[in-house]
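One structure is given below, encoded as structure tokens.
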Amino acid sequence: MGHPYAPPELELPGFVPLKLSQGEILVSYLGASLFVLLAVWLVSGRCGRLSKTDRLLMCWWAFTGLTHIMIEGPFVFTPDFFDEVWKEYSKGDSRYVARDAATVTVEGITAVLEGPASLLAVYAIASQKSFSHILQFTVCLGQLYGCLVYFITAYLDGFNFWVGPFYFWAYFIGANSFWIWIPMLIAIRSWKKICAAFQAEKVKTK
């Protein structure tokens, strides 16, 4: 049986076609994501005197942490779980449906390390822990490194894993871009906060 992925010569023994439509998959994923964002935003409003920026950061870390653990984790460890999501996404990057070794490795590290660390960041911000910015900065570097590996390996492997321009821009570029520009902004903010804290401590000790 043929498959809808690129390149056409890609071999997928035992491939089973999608059972759900693109609309059903995207609506379910986006709906669940919006629910998480809204829930965390509302709960964060009860966490004392948090700024709007901190509340937005809590929303991001909860979203990305759950994505790493609940979406990317099963892809690595229990491939049949959320199978439909990855079959749809593979129209933008067939390395997923082919279970490319480098892609599985990056996703595994992301799920195991960055997922829990992202949820820890939610707690750290809500509790105003002293390690909050160091943690956020570290996780951001991990996410940026993962994205670099993801795009560089795609280029080195032929850069031909999408079935058309829509899937290239919407899935391969668009969906992944959030894990580039958002971590960059957070890393810059946390770096400034860390530097300011060290500067303040230096002034105190003079």
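Here the Cβ of each residue, glycine as well, is placed from N, Cα and C on the backbone.
Computed from a predicted structure; not experimentally measured.
If you look up TrEMBL, you'll see 25-44 (among others) marked as transmembrane segment. Tertiary neighbourhood of the transmembrane segment (25-44): same-chain residues 50, 54-56, 58-59, 62-63, 66-67, 84-85, 88, 122, 126, selected by CB-CB distance under 8 Å and a gap of 6+ residues from either end.
Residues or ranges marked as domain 'EXPERA' by TrEMBL: 53-187.
The transmembrane segment annotation in TrEMBL covers 56-77 (among others).
Within the chain, the transmembrane segment (101-125) has long-range Cβ neighbours (under 8 A, six or more residues past its boundaries) at 40, 50, 54, 57-58, 61-62, 64-69, 72-73, 75-77, 93, 95, 131-132, 135-136, 138-139, 142-143, 146, 149-150, 153. Taken from TrEMBL, the feature transmembrane segment covers 101-125 (among others).
Feature annotation from TrEMBL assigns transmembrane segment to 137-156 (among others).
Sequence annotations record features per position, and here TrEMBL assigns transmembrane segment to 168-188 (among others). Residues 57, 60, 64, 89, 91-93, 136-137, 139-141, 143-144, 146-147, 150-151, 154, 161-162 of the same chain lie 6+ residues outside the transmembrane segment (168-188) yet bring a C-beta within less than 8 angstroms of a C-beta in it.
Distant neighbours of the transmembrane segment (56-77): 33, 36-37, 40-41, 44, 47, 50, 85-86, 96, 104, 107-108, 110-112, 114-119, 121-122, 125-126, 136, 143, 179, 182, 186; these residues of the same chain sit at least 6 beyond its ends, with a Cβ under 8 Å from one of its Cβ atoms.
Residues 64, 93, 95, 102-103, 106, 109-110, 113-114, 117-118, 121, 172, 176, 179-180, 183-184, 186-187, 190-191, 194 of the same chain, all 6+ positions outside the transmembrane segment (137-156), place their C-beta atoms under 8 angstroms from a C-beta of that stretch.
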